[in-house]
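Everything below concerns the one structure shown next.
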Amino acid sequence: MRVLPVSDAGPRAFRLLWAGILLNRLGMPTPPFVVLYASVTHLGSVGIVAVVAASGVGQTVASLAGGVLADRYGPRKTIVYSQAVGILACAVLPGVRGVVAVTALVLLSTACASVPRPAANAMVPTLVAADAQITGYGRLYWSRNIGSSLSPLVAGPLVQFWPPGVFVLGAVTSALFAVLAAGLPEAPGTAKSAGAGVIRGIRAPYTDPFVAWFLVATLVLSCLYMQKQGALPLDMTAQGLTPTELGLVLSLSGVLVVVLQPVITPAVARMPFGPAAAASAALIALGLGATVFADNPGWYAVTVAVWTVGEIMQVPLAADFMAARSPEGEIGAYQGAYGFMWNLGLAAGAPVGQLLFATAGRTVLWAGVAAVGLAVAVLHLVVFRRSGR
């Protein structure tokens, strides 16, 4: 494991980063509100599909780009410059008409809002002591969820009363994040990595067999996890839940993350990596798999609670593992690779799950989710026992 010098400004700087990430998630243009904006500006069905696709592509591509850019130019510069471009994209968007122009700017604004995730993770080893890094990653994950939970409360009224306000919000939060990021220390080692090729930076994480396995497992788990937005709403509707009940049950996950993350992550940090990763995968598998027995809001709430605990364990564990396996000067690329595989699974998982639900039924779908997830958990134990983790 690499050991990086911790900046003397660590605690204060980490608080700045934490606040910036919260602002980032608060103002990030999310698909539901991008769809509403496209609807009220009369882009039509083709335009709506185009902007939603652009939002997903921007977020996925930015995972790779943000990591590689952080290695080449430093995390601080990457965050500041990405937010500067994001401000311009969000400021111009309300005055633009036409599907092509709006789609291009949505892609750019979403990408700029997504770049800081791997860049921020790349800063953690220089801001947080080695024995507290999992907790540090957990705190950033907590910040993202707080921002994401607050975002609909602000963006919803804006879309209703002043649709361009969604992007004005994005511009304002990007500007505030850029100001906070300017006060962060730069990570060491960036001068050495600045000459590395972009393609090499993208390929590097996949050349380590243990990292490659973990990335494949991440893709699989992400596909399973995405059923919360894919097959799960269909299943709940089929079991007779009202839209209000469905919304309340699904909102439980965000509430639990905000409440439980400060408690669970420090406990996870004391566990060996292999068993912790296996437990995370098993909880996601069992929580989603137990959906097959659910037929009322209370049952569904129990299943949501189980897979949410697995999610809370997974995110900081993954960030810490990728940081520990990354060579000096390549931590951003490794963080970006994890984000890319997770986002790729999110994009693929929902439609596949919905197709299985429609063609094979709920029993096959949820039993399959449980079986695949538990297989990943067992393989985590086997693979990481060999790696000494």
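Any Cβ shown, glycine's included, is placed from N, Cα and C.
Among the features that TrEMBL reports, transmembrane segment is placed at 79-108, 161-184, 210-227, 247-269, 276-293, 299-319, 340-358, 364-384.
Ranked by the number of CB pairs under 8 Å to the transmembrane segment (340-358), the listed stretches 79-108, 210-227, 276-293, 299-319 are led by 210-227. For the transmembrane segment (299-319), the partner stretch with the most Cβ pairs below 8 Å, chosen from 79-108, 161-184, 210-227, 276-293, is 276-293.
Through the fold, the transmembrane segment (210-227) approaches residues 277, 281, 284-285, 288, 307, 311, 314, 318, 321-322, 325, 334, 337-338, 341-346, 348-350, 352-353, 365, 369, 372-373, 376, 379-380, 383-384, 387 of its own chain, all at least 6 residues removed from its boundaries and within a Cβ separation under 8 Å. Residues 13, 16-17, 19-21, 23-24, 26-29, 33-34, 36-37, 40-41, 75-76, 79-80, 83-84, 86-87, 90-91, 93-94, 109, 112-113, 116, 123, 154-155 of the same chain lie 6+ residues outside the transmembrane segment (161-184) yet bring a C-beta within less than 8 angstroms of a C-beta in it.
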